């Protein structure tokens, strides 16, 4: 059955972040630079990790996958947002809206699972160093990353199916700059009480459970570091501190948006900017500027490329 059979609405109007022309131009410049930074920064990380044999540990394998997910995540929302900021009429077709919603939750949930796996990797490296190579073998890393993508797909398909079964007959204005579950289902022409709680228990609980697992992992790491304050442990702790920054920037807004009934707050669309734009921007900065091995590898690659 075609998606259009579920609804008399053929398109949605995205209200965006602002209706002031001057502010829209400033926002376009800011988000264009942010998008370019995410693309270039994460592509540089991927190339560096792939080209340098010294960065073959599980941590850098997972970091490479995180960079790829960040590129996918910001590419789901930013290109259309940039076009809309320079357009008079900001519309999106119903089918395109559903596709954007699907991929947003697909890559978003996959990133949540991957960040949890990265915390487990740091826990194994610090708390079980003698068994680390056995625990985080190459095969295990591939299985964990595949599980992250599979979990993200299952989560997203549930959210999408719950959305397209709703009838939409107007209004069609979405108070956001992209299609997401909370603002879209609020436009349904039916009682959504059960649906919104099903969706909140899906997205919200995934965010909360992953966040609690991360906090637990870091708690064990902090306890271990307090017992043995060696140089290697301080280095690992510095890596974890960077990870905590990414986790906080990503999970806290998601928990606020999804772990509650989908009632509208004026600040919701501004909070969405944190995990759709700011978090992907921060990842390459944190993992390169605070990681000496990655910076050294980038410098070696740069000198090698200049030779040729």
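From the backbone N, Cα and C atoms, a Cβ is placed for every residue, glycine too.
Note on TrEMBL: of 25-47, 163-185, the range annotated with the feature transmembrane segment is 25-47.
Feature transmembrane segment, per TrEMBL, maps to range 271-289 of the set 5-23, 271-289. A contact between the transmembrane segment (141-162) and the transmembrane segment (25-47) is absent, since fewer than 3 of their C-beta pairs, 6 or more residues apart, lie under 8 Å.
Within its own chain, the transmembrane segment (205-225) has Cβ neighbours under 8 Å at 109, 112-113, 115-116, 119-120, 122-123, 126-127, 155, 233-234, 236-237, 240, 244, 247, 251-252, 254-255, 258-259, counting only residues six or more beyond its boundaries. In terms of C-beta pairs under 8 Å, the stretch of 25-47, 59-78, 271-289 lying closest in packing to the transmembrane segment (98-120) is 59-78.
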